[in-house]
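To start, the structure itself, in structure tokens.
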Amino acid sequence: MLYKGDTLYLDWLEDGIAELVFDTPGSVNKLDTATVASLGEAIGVLEQQSDLKGLLLRSNKAAFIVGADITEFLSLFLVPEEQLSQWLHFANSVFNRLEDLPVPTIAAVNGYALGGGCECVLATDYRLATPDLRIGLPETKLGIMPGFGGSVRMPRMLGADSALEIIAAGKDVGADQALKIGLVDGVVKAEKLVEGAIAILRQAINGDLDWKAKRQPKLEPLKLSKIEAAMSFTIAKGMVAQTAGKHYPAPITAVKTIEAAARFGREEALNLENKSFVPLAHTNEARALVGIFLNDQYVKGKAKKLTKDVETPKQAAVLGAGIMGGGIAYQSAWKGVPVVMKDINDKSLTLGMTEAAKLLNKQLERGKIDGLKLAGVISTIHPTLDYAGFDRVDVVVEAVVENPKVKKAVLAETEQKVRPDTVLASNTSTIPISELANALERPENFCGMHFFNPVHRMPLVEIIRGEKSSDETIAKVVAWASKMGKTPIVVNDCPGFFVNRVLFPYFAGFSQLLRDGAGFRKIDKVMEKQFGWPMGPAYLLDVVGIDTAHHAQAVMAAGFPQRMQKDYRDAIDALFDANRFGQKNGLGFWRYKEDSKGKPKKEEDVVVDDLLAKVSQPKRDFSEEEIIARMMIPMVNEVVRCLEEGIIATPAEADMALVYGLGFPPFHGGAFRWLDTLGSAKYLDMAQQYQHLGPLYEVPEGLRNKARHNEPYYPPVEPARPVGDLKTA
């Protein structure tokens, strides 16, 4: 053994060839600060070996290196700029020394090589991969850019266009694509990986492969003519500006850095990467996006722990076909759980099956499946007008009309047709689960399962625990949602549960702004362009359905009369009374016509202004700051109340539900991350300016306490002390 660290070791393999093996305790290899330091020590040992002829890098895990240790990021981002820059210089000196070894090097890459893992293998001369490879640089999705030389080496290896596509979009690619663009040199079966890598090393050692020529382009300026450079970088900057926008600075910074570094050799190019990385790491956007990643891991880990002792349902059923039922049936069948889809009429069943077939055909068009797979999946969805097969199902989700009487009748009837241990769930969006449970003989086997539309796209499923729902019931439904590829978040029961309960105060803020003379077009523009929502409130209401919102608004008002009961006729009432229900009937705040792809496209409709004038004060101008404050304060206050009342368990789960269920702007990180970034004292000052607008603007006592003591909702993070000898940087 030449060297043994906590996460890697170095040993002779054969005949002057050494192997450096990543072997972190636990299930995956991560390139954390300690591993980078350990890698530097191992390379120091290699530099002393006079009889070294070649080096093989490999992993003892199912994946090569999944990336940097993102749990370190938040504390690393608090390190002062100069110190963080120094540490990056140190880390890059380690990869440079790997790249500069006086012998050929190869990485045998299996499974994932992402982020720092990808940057590590870019420093070797050759890369041999297995068919399950996923390799790429996802850093821009976390609000940063590659910091271990990825923005320098990848463009010089692949050419500017291919590298920009991966780096700016935070993409990863599979084995075939990696081979095609030159990111790996070969693909072999897993059992041949080490043998194949040694064979390539031997060819390089014997002079059959010119490893020095392979290495040289990575040390030099990027070989691009002025015209080629202008075309590549201008197109890339235009596309990034269009897709990422001003709220996500990392992609455009990465492109500009690669452009600026193109004319320099490795050392100066790495200095430019360093100078760009450090300011990005100190942005609120980076902290928010890393926070989302960590919250996502927390939520998924919680679901895994919750379901460890239950069996995932093997057969499911959906009550109520149509678009929603068809979407749920498709998602279940697509992920391998056969489903019976029941309705009371053929027309709805046909609609449900058509929806499932349409979604599968899209997968076929994209080349994700072939005709055989399509037929196989669709054959596991069984449409029926009766309860045939219900005695075999493990879980049933009801997705009928949002009417408590109808839902109770359907659930009570279904309970008599299934096994005593079958779990029932309701896909209600607002009706309390404990109220629906009153119709059942086995309320302990019942809970809520709130999907979001469109089911195949929206990652969140709210799992609602009723007063009598058993732990096993919750666990089984969480297991099914996870199997469907969804992110399940368990919430306690109340009108609207969590997501809709906090959404309707936001809509109330919108209604009050309209009542006071604000224009809906400006509100939408501000909430989309300035705050960052994917849709403004008017457009969102059109998509949700004005009739749906009108009904839900009444349910929420009955549930929370003190805050949500309004004493005036609002815009939602005016449009509802005029039979303007949004996209579903082509008339809402906008008029809708189908484009060439059959998607609804919004157009101006002056009739709306006349309708709104009847429920509004004369038009007046509002600042962007006031619009954002008046829209967001009611929502954030309600989010805080939900945490204080135990409707949602943690800030992490609340923020993920908002991001995954409502599209809360990821660069803000969710309501609690936004609160922490703003500071609760500053938020309190802002909210107090609008207290005269009513109870929705009154800040909950718990948040007032946070403001008094300057306490954040997320645990405070201490700056990291990166491992590594900064003197060698």
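Just so it is clear, glycine is given a Cβ too, placed from its N, Cα and C backbone atoms.
As annotated by Swiss-Prot, region 'Enoyl-CoA hydratase/isomerase' applies to 1-189. Feature annotation from Swiss-Prot assigns site 'Important for catalytic activity' to E119, E139. Residues or ranges marked as substrate binding site in Swiss-Prot: D296, N500, Y660. Swiss-Prot lists 311-729 with the feature region '3-hydroxyacyl-CoA dehydrogenase'. Look at Swiss-Prot and you will find M324, D343, V400, V401, E402, K407, S429, N453 tagged as NAD(+) binding site, backed by sequence analysis. What Swiss-Prot records for H450 is active site, for 3-hydroxyacyl-CoA dehydrogenase activity, and it gives sequence analysis as the kind of evidence. According to Swiss-Prot, the feature region 'Disordered' maps to 708-729.
Swiss-Prot feature annotations superimposed on the structure.
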{"residue": "E119", "record": "site 'Important for catalytic activity'", "DSSP (3 states)": "helix"}
{"residue": "D296", "record": "substrate binding site", "DSSP (3 states)": "helix"}
{"residue": "D343", "record": "NAD(+) binding site", "DSSP (3 states)": "coil"}
{"residue": "V400", "record": "NAD(+) binding site", "DSSP (3 states)": "coil"}
{"residue": "S429", "record": "NAD(+) binding site", "DSSP (3 states)": "coil"}
{"residue": "H450", "record": "active site, for 3-hydroxyacyl-CoA dehydrogenase activity", "DSSP (3 states)": "strand"}
{"residue": "Y660", "record": "substrate binding site", "DSSP (3 states)": "helix"}
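For the binding site of NAD(+), formed by M324, D343, V400, V401, E402, K407, S429, N453 according to the record, the largest Cα to Cα distance is 20 Å, rounded to a whole number. Cβ neighbours of Y660 (substrate binding site) (same chain, under 8 Å, six or more residues apart in sequence): M458, P459, L460, T487. Within the model, the region 'Enoyl-CoA hydratase/isomerase' (1-189) carries an average pLDDT of 96.
Checking each of the recorded positions (E119, E139, D296, H450, N500) against M324 (NAD(+) binding site), the C-alpha distance stays within 10 Å for none of them. D343 (NAD(+) binding site): 22 other CB atoms within 10 A of its CB, across all protein chains. Annotated pair H450 (active site, for 3-hydroxyacyl-CoA dehydrogenase activity) and S429 (NAD(+) binding site), C-alpha to C-alpha distance, rounded: 6 Å.
Of all Cβ atoms in the shown protein chains, 17 besides its own fall within 10 Å of the Cβ of D296 (substrate binding site). It is V401, among the binding-site residues M324, V400, V401, whose Cβ has the fewest other Cβ atoms within 10 Å in the structure shown. E119 (site 'Important for catalytic activity') is surrounded by 28 other CB atoms, counting those within 10 A of its CB over all protein chains shown.
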